[in-house]
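J.: As listed in Swiss-Prot for this protein:
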REGION    24-49  region 'Disordered'
MOD_RES   33  phosphoserine
MOD_RES   41  phosphoserine
DOMAIN    80-163  domain 'MEIS N-terminal'
DNA_BIND  259-321  DNA-binding region
REGION    401-436  region 'Disordered'
């Protein structure tokens with residue numbers, strides 16, 4: 001794009017408004033007459049067209065310099081970031097009006113149609129200039145907001161990342177702490193030379209709160225410079241200084257503490273309290289809401305943290321314990337089941353004659369005979385009467401328990417005396433009226 005030159009009202013004096021049209025006609029038509037000394041060549045009357053006549057009327061109009069100036073400002077607004085403001089065009093309009101009044105020139109011509117066209121063209125360019133100004137302001141506002149957002153994000157990332165150069169990094173905190181600790185030495189204060197250039201006042205305190213000299217300054221090159229301060233010029237309490245020091249150190253280490261809390265690792269004291277409650281109530285490890293509140297008050301945790309811990313503990317602590325106990329001692333459970341109180345499943349009339357300490361046989365309805373090698377002690381007081389189905393189930397359980405213990409023993413017996421079905425020791429379980 002060709003660079004446009006800044007135009008002003010004086011760029012279009014009288015007698016030169018038709019120069020552009022003349023030059024264009026000269027390039028297109030070599031037979032056209034050369035321009036005169038003033039740069040205006042009157043075209044032949046017979047060769048003019050209606051369009052050429054309209055162009056000449058526009059170029060000769062008194063408002064044409066103002067229209068050209070406004071068009072130039074619109075082009076300048078679109079070419080660079082620093083656009084032309086509408087206020088500057090208002091000043092140009094005032095200057096144009098003063099010049100026209102000073103020279104006694106009219107603002108309009110004899111053709112009302114041309115006057116209306118020029119006024120509307122100036123209004124359109126004026127609106128266009130205002131819109132360009134708004135767009136320029138929006139662009140500047142967006143750029144400023146975007147840059148501010150980037151700066152904020154970069155600063156926050158620098159603080160959170162804990163880089164060595166950031167002021168809140170652990171290395172920087174240790175350096176600050178050591179530097180502050182060094183300032184409390186009775187021999188003097190060791191500070192960088194840049195601190196004095198910034199106008200910072202550094203002081204050394206000893207017991208009593210009085211400032212004493214000397215003040216030792218160490219330059220970055222390692223040179224030691226001593227500066228004297230008169231005793232008693234500044235007084236400060238050691239307690240206040242120590243309190244301020246503790247506050248500064250707590251602020252510096254605040255990020256470390258917050259990061260530890262964000263990890264989700266509960267304090268050891270809290271886990272010990274909740275673990276103790278869990279094993280004390282292992283039979284029913286489900287705390288009530290009141291118990292949760294009490295535990296939360298003891299451990300300084302929230303109800304949500306306490307609830308989540310117990311959910312995880314039941315799944316990760318108690319469940320593996322139960323699984324391991326079930327897999328290691330399967331036979332122990334069978335033996336402990338026999339130690340339960342023996343429940344009799346036949347009437348008292350049969351049990352009174354069946355309680356004999358001898359080997360006996362149990363005859364089932366199918367006719368199968370099973371020999372019980374170990375005598376079973378019976379207590380008449382604990383006998384209970386049930387249906388034949390319950391008795392059959394109890395007999396099957398006893399048979400299975402005895403068979404698992406004596407797998408190597410033959411069920412027919414080695415020389416054992418088998419009792420007759422009608423013997424009192426043989427218990428015949430039938431669906432009779434006495435069992436109901």
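Heads up, the Cβ atoms here are built off N, Cα and C, so glycines get one too.
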J.: Quick one: mean pLDDT on the domain 'MEIS N-terminal' (80-163)?
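T.: Reported value for the domain 'MEIS N-terminal' (80-163) is a mean pLDDT of 79.
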J.: By DSSP, how many residues in the DNA-binding region (259-321) are helix, how many strand, and how many coil?
T.: 47 helix, 0 strand, 16 coil
J.: For the domain 'MEIS N-terminal' (80-163), jot down how many residues DSSP puts in helix, in strand and in coil.
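T.: Within the domain 'MEIS N-terminal' (80-163) the tally stands at 68 helix, 0 strand, 16 coil.
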